[in-house]
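Working notes for the structure below.
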Amino acid sequence: MTENIRVIDYVLLYECEAADCDPYAKQRMDYLKEVQGTGLHLEFNITKEEWNQEAETKQKVAGDKYRIIKIYAPFELLSQTAERLKLKMPLTEGVDVKLPSRLERFMTRFATEVEVNFISAHYEHNKRHLFRGIENQATFFRPAIRSLLVHYILTNIPIEVGHDDAEAATRKVLGKVPALPYLLMKKAFKSAFILHDLKICSDSNRLTLQDCDLTCVASEDETQLTDPPDAWTELNNLWANTYLKFQPLWKIRNYFGEKIALYFAVMETLLISLIIPVLLGVGVFTYGLYCSISCYNASNNLDDFLRGYNYDELCQSSTKIGEVVNQAVNRIRGACNNIAGRKIIIAKAVNITCASKTWKDANFQISSDDLFTVIQSSFDNVATPWFGLVICLWGTIFVEMWKRVNAKLVYEWDVENFENDEPARPEFYGTSVKKLYVLLIKMLKMFQHATDPVTGEIEPYYPGTVRRTKMLLSFLVGALMVCWVFASLVGVVIYKTWARLRISTSNPWESFLLTTVGSSLLNVVSIIILAKVYHRIAIKMTDWENHRTQTNYNDALILKLFAFHFANSYSSLFYIAFLRKNNQKFFQLLGLTDFEDNCGALNNCMSELGIQVVILMIFKLFPKLLTDVFIPWFRKTKNRICSRIKIRLSSKAPMQSTVDDCIKKESKKPDLGDFTLAEYTEKIIQYGYQMLFSISFPLAPLLFFITILCDIRVDAKRLLWMYKRPIAFMAQDIGQWLTILDLINGVAVVTNACVIAFNTDFARERPFYEQLIILIVIEHIVFVVKFLLATIIPDIPQHILLAMRKEKHQVATKMRGYPKVLQHFR
């Protein structure tokens, strides 16, 4: 059977070594006294006398070096804090919903949860009996809300930081700052985190707590069916171990918060919207493969056709050679593309054969006797331009779909008007300029204008001109790193050209591996290394800019990372698509007069572009696969084997695990960090491959679909098993990532139009002015259609607008009817 333990809302932990504990013992004790003053209940793993003695003497007293503070939040405090934050909570009345359509009824077969939406209102402590679930105060606030409320209380306790505590002379942290982040930064607390749901597993023989997974995984005969599953178990069963079904977004939101839940909602919307591009891409690739096989067969027959001519009669007359070449080209005209290029190659092969007098075994067509060449040639066909246009329109449809899903979710999750009162970052520091300014204001008797209008206290001040100057320098550093990207690209191009000219092999597959694949892999390695280096530089530069709030900090960091990743990830693709055909002058400037990079015998850059796209998409996933799958699996397997060996070698009975043991092991797990920042960055880059260049590789949507489908489950296991439980932050949208999606969609129109006009067989043999006209026409038509789609599809579904109006009326009626005589108890 299973037994629930008392909910631990927060855990603070630090280590006390044999000598002194740390120089911040007094500040830590003062902070904990302030925490108790808020109404939170603290439980220590050592006695109060030992704790006070260590705080006074700064010497270790108890035997165990770990100091654990378990924090419990009473309902009254949570209730008052929820009212202060103006959180919306569900009332007892449900919301009328429209009747589901046939499609919606079909989609419910893949659902993992059924949730009923209730009308919501801003929570008021003295009217709490009006809200749903108030009869059970222990479960009234869902886990995500509890963690957010406790985190808000703990991080909004200020601490006074003076000159003695300044981090450095050039980086002073003065005035009042949030105490908990500051003490974590100073290592006064080693860790501050929220536990996953805990359950004690017991049988007739012993009482144990699974110390590695933080949950009870009992056998079927030990688990009672009447015991309701906890939130962790439900997520593990319905999310991490369930495939080909919708995600339990409500349960993810209730456990991890809206910010993380919205990320998985974006991924689910992206998966659903990708179905059409996947099917269309498979169809285009299949058609292209059929065309490529037909061209392969025609090319083989072409060699037999030319060998049938008499060598002496044909080679003695240039007119006869031209006639025969035209006849040969006509035989493949309906089966192959790029006829003009193939005609040049055939004529050149005939003339060379006539000069060398090796007519009997001559090959007059491009070598295509291997399977890979046939597949590579299938990327460019008649349907390719239409596929590119559909991808451009699909990007707009996906964004509009997400806007509607986002509007629905934030309404149902009651965060459509959420505003977060964000404190200053603990790393933010003021300068002495403010002191002189405040002193001058005092002298002019205008001191009230120098204080914060809300708190009435002096806030740390940092001149905006200084920050803007630092941001300009950060931009110059980013530009320098982009130059390194271009330099690495030049190096890869030089290697490929050198390999093509210097490496001779009779096997076309070996030649392809040493040139195309080898250079692509070098480019991937360069991208990964430069991305890791710049990521650290971007963090350092953003720290140096000294942003006041975490939101401003994240915005600045996202801008740096995306600008660099755009150049780093797509520069090689832009080079192949638009610069590779005529680059002999570039090599002449470098002193490499005999170098010329091209796209093969037919100078068909579409096939080369497709190979580069697929290699980038696959191999860029390897670092994430290594860090998120293989290394955790190896560690888990190693720990499991070591545990079994210790149990077998030990003659003693297994000791009973305690909650403190579980907390210690949980504290050793890595912090999740900014999960959404890393995941959004990775997915946005992959999304860019689809939008900008999937026209050259029709199977790119299928590869992207499989990647997201697997990555969702990997991320679910990471969140539930491998990392500390993150703070459940609220959010009402995905922020400026939506702006970045719109930007990529706009650039994709120009990119695909240029590829269609200058690289595809549709326009390759046309004069330049006709190609330019095709570019302008396609670009304008697609932009107009995208604008019409964005205008026609409303951002908020009509039934959501109607439900919002009904809810507003019902809430006003219900909340207004409560007796005003109780207002003074508030």
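For all residues, glycine too, the Cβ spot is worked out from N, Cα and C.
Positions annotated as domain 'Anoctamin dimerisation' by TrEMBL: 3-204.
If you look up TrEMBL, you'll see 252-807 marked as domain 'Anoctamin transmembrane'.
The transmembrane segment annotation in TrEMBL covers 260-290 (among others).
Residues annotated as transmembrane segment in TrEMBL: 383-402 (among others). Away from its own ends, the transmembrane segment (383-402) comes close to residues 266, 269-270, 272-273, 276-277, 280-281, 283-284, 287-288, 606, 690-691, 694-696, 698, 701, 738, 741-742, 744-745, 748-749, 752, 755-756, 760-762, 778, 782, 785-786, 789-790, 793, 795 of its chain (Cβ-Cβ under 8 Å, at least six residues beyond either end).
Here TrEMBL flags 472-495 (among others) as transmembrane segment. Long-range contacts of the transmembrane segment (472-495) within the same chain, counting only residues at least 6 positions beyond its ends with a Cβ under 8 Å from a Cβ of the stretch, are 518-519, 522-523, 526, 530, 533-534, 537-538, 541-542, 544-545, 560, 563-564, 567-568, 571-572, 575, 583, 590, 592, 595, 597.
Per TrEMBL, the feature transmembrane segment maps to 515-535 (among others).
Feature annotation from TrEMBL assigns transmembrane segment to 556-578 (among others). Remote same-chain partners of the transmembrane segment (556-578), defined as residues 6 or more beyond its termini with a Cβ less than 8 Å from a stretch Cβ, comprise 471, 474, 478, 481-482, 485-486, 489, 492-493, 523, 527, 530-531, 534-535, 538-539, 541-542, 545, 547, 599, 605, 608-609, 612-613, 616, 620, 677, 681, 684-685, 688-689, 692-693, 696, 736-737, 740, 751, 754-755, 758-759.
With a threshold of 8 Å between CB atoms, the same-chain residues lying at least 6 positions outside the transmembrane segment (611-634) that come near it are 376, 516-517, 520-521, 523-524, 527-528, 569, 572-573, 576, 682, 685-686, 689, 693-694, 696-697, 699-700, 703-704, 707, 711, 714-715, 718, 721-722. Residues annotated as transmembrane segment in TrEMBL: 611-634 (among others).
Marked as transmembrane segment by TrEMBL: 692-714 (among others). With a threshold of 8 Å between CB atoms, the same-chain residues lying at least 6 positions outside the transmembrane segment (692-714) that come near it are 240, 243, 247, 264, 267-268, 270-271, 274-275, 277-278, 280-282, 284-285, 288, 379-380, 384-385, 387-388, 391, 570, 573, 577, 606-607, 609-610, 613-614, 617-618, 621, 624, 628-629, 683, 686, 744, 747-748, 751-752, 755-756, 759-760.
Residues or ranges marked as transmembrane segment by TrEMBL: 734-760 (among others). Away from its own ends, the transmembrane segment (734-760) comes close to residues 262-263, 266, 380, 384-385, 388-389, 391-392, 395-396, 399, 402-403, 406, 554-555, 558, 562, 577-578, 605-606, 609, 680, 684, 687-688, 691-693, 695-696, 771-772, 774-775, 778-779, 782-783, 786 of its chain (Cβ-Cβ under 8 Å, at least six residues beyond either end).
TrEMBL lists 772-793 (among others) with the feature transmembrane segment.
Packing against the transmembrane segment (260-290) from elsewhere in the chain are residues 246-247, 249, 252-253, 374-375, 377-384, 386-387, 390-391, 394, 397-398, 401-402, 405-406, 409, 413, 675-676, 679-680, 683, 687, 690, 694, 698-702, 704-705, 708-709, 711-712, 715, 719, 726, 728, 731, 733-734: each is 6 or more residues past its ends and has a CB under 8 Å from a CB in it.
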